[in-house]
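What TrEMBL says about this one:
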BINDING   B:Cys65, B:Cys68, B:His69, B:Met210  heme c binding site
DOMAIN    B:52-184  domain 'Cytochrome c'
SIGNAL    B:1-27  signal peptide
TRANSMEM  B:254-272  transmembrane segment
Amino acid sequence: MSGHATFEPKNPALKWFESRLPLVGLIHSSFIAYPTPRNLNYWWTFGGILSLMLVCQILTGVVLVMHYTPHATLAFDSVEHIMRDVSYGWLLRYMHANGASMFFIAVYIHMFRGLYYGSYKNPREVLWILGCIIYLLMMATGFMGYVLPWGQMSFWGATVITNLFSAIPVVGPTIVQWLWGGFSVDNATLNRFFSLHYLLPFMIAGVVVLHVWALHVVGQNNPTGVEPKSEKDTVPFTPYATIKDAFGMVCFLIFFSWFLFYIPNYLGHADNYIPANPLVTPAHIVPEWYYLPFYAMLRSVPDKLGGVLTMFGAIAVLFFVPWLDTSKVRSGAYRPLFKQFFWIWLAVCIGLGWLGSKPAEGGYVIAGRILTVWYFVHFLVILPLLGLFEKPKAVPASITEAVLGKNKGAAPASTGAQAPQTKG
Amino acid sequence: MSNTMSFRSIALGSLAAVLMLAGPAVAQEHGAPKPPREEWSFAGPFGHFDRAQLQRGFQVFKEVCSSCHSAHLFAFRNLAQEGGPGFTEAQAKAVAEQYQIEDGPNDAGDMFERPGRLSDHWPSPFPNEQAARASNGGAYPPDFSTLAKARTYEVGFPGFLIDIVTQYQEQGPDYIHALLNGYHDEPPEGFTLPEGAHYNEFFPGHAIKMPKPLSDGQVTYSDGTPETVDQYSRDVISFMMWLSEPHLEARKRLGFQVMIFLIIFGGLLYFTKKKVWRNVEH
């Protein structure tokens, strides 16, 4: 996309440099002149918030590693050493631990926003799939990070999750031994998880670069789902989006700080303050909250392999959403039926999350099965059919028209939007 | 009123959406009652430790608990650390010197004992877990270092969401308080107590190996504080909380400063944003 203004250096040294490597020009076109739809709402600030959280996690993580010891007999005490003896170690560690949860809160909001406004649709399929890859990498990173303090929940969570791979026919047990580096979760497991926990965030950062690149090729979606048609539909990224993102980030940081400073252990598990003990199993082994919906699905299927496939299928299905959604209208704002099904689906996800924290017995299992089926039905049946049968509302001709129509108040003002261009 | 109600339900609903109903793990089994919520000086956004209470709690730990429970992360220097019981360095040194610490090897290759120093950690009552179990009827008295954070109970829905707003983080102290005050001389009828166990209302399964550790008048306080089980337990739990979270005061203090900064900064950004966007309909 062409920008509002191009970067032309005046300084001779900069001119010399720019003609050899147009780095400043790239930054200028990406974060200053980049045209951004004028009607973005605050749900669109979560992209920036996620970048902030990634940087926060990497910086705190790098410093934590300076004080952490990845060994089965030393890891727990080294984390406590950080909490007690390292200057502001408690701040670094709580920031990193709560930061992971904040990262997931932000990514879920970011994904829900994408799903609601149809941000995965043509031409943003690759952008969406890159996002799904980032999400997968985040899940792996978060899981391995939770193992590092080597508390009871670290150990038993690692045992349960790595054991899932044993369900794979023929090679399953070999894969599990390979993951463990032995015949049970032990020091070798801790060491490889530590290594990968340090590696994966940089892979995330790499995919984020691709994600942002893809975004800047196809441009941002917006609440109307109508592509910008003229310069009037967009504003330059700076100052408009920068200031809005900055405000969104500070609001998010207030939310983050509430957990970080006042209830830092709320999102964790008390059992993880007990050093790992292979001989004592905790009463309930519960993964971190961000895996709970998938954990509920895993336990809903009576067959182990079936459960594992269901759980991974729940993530895999996200990759195909661009093709499962057959609607020609992009934004959920103009899709009355889709809108309802979207909120039902969101409630199903939250319900699964709640069930994941409950013991797998009685009514919880039955409810888990119903919600698991609904989760898949939403993607595999409802989304394809909705596009065929739903009668969408009139879509505005342009972003500017939608914006001006809305701000004039009453509906008749948006004359263009009333044009008979109903699709589907 | 309905206004505040609907606001609260909206707030809770969105929190639920954001948090996907995360419930902390439960150290407590079904059947045991929920511990009552107690008042703690260290709770809430301005929570802090009561120095005199930490000193009394340390006394209870030293005279009672530490005969079975270790606290291997607790160093004598911590006693004089900011945000702690407020002992002077000389006092902490005097405490350390009361203990013999194994050191070595010396030049002759022998281990030897010497009086404790500030940098030493609290000596454990048993050389290893097996020795501890052998002396305690097979049970292993848990280490005190992080114990106050390592115990909890299930709050349930919707309480766990309200806890975010009220900043309730004292499940561990409440549970330990209930436990220390929850011993019954005789188990209720129909309950068969295993050999060597004691009946406790709040312990998961009710049969606890630890005998009732505190009784009225057991520890002599020099400051006139009531010498009751309830008071002892409150004092020692405060001490345990400090041991688990020695920088709690600094954390809450810094948190308040950060909050003030972020709210002012956020306000400035909000009005700047309004000014920047004033001529753009959006």
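Positions of Cβ are set from backbone N, Cα and C atoms, glycine also.
Residue density at B:Cys65 (heme c binding site): 20 other Cβ atoms are found within 10 A of its Cβ, drawing on all protein chains shown. Computed over the domain 'Cytochrome c' (B:52-184), the whole-number mean pLDDT of the model equals 96. Across the range of the domain 'Cytochrome c' (B:52-184), the DSSP-based residue counts are 57 helix, 11 strand, 65 coil. The heme c site is defined by B:Cys65, B:Cys68, B:His69, B:Met210, and by the 8 Å test on Cβ atoms against their centroid, the other residues of the chain that qualify are B:Val64, B:Ser66, B:Ser67, B:Pro141, B:Pro213. Across the residues annotated as binding heme c (B:Cys65, B:Cys68, B:His69, B:Met210), the two Cα atoms farthest apart lie 11 Å from each other. In the structure as shown, the Cβ atom of B:Cys68 (heme c binding site) sits within 10 Å of 18 other Cβ atoms. Counting every protein chain shown, the Cβ of B:Met210 (heme c binding site) has 19 other Cβ atoms within 10 Å.
There are 23 other Cβ atoms within 10 Å of the Cβ belonging to B:His69 (heme c binding site).
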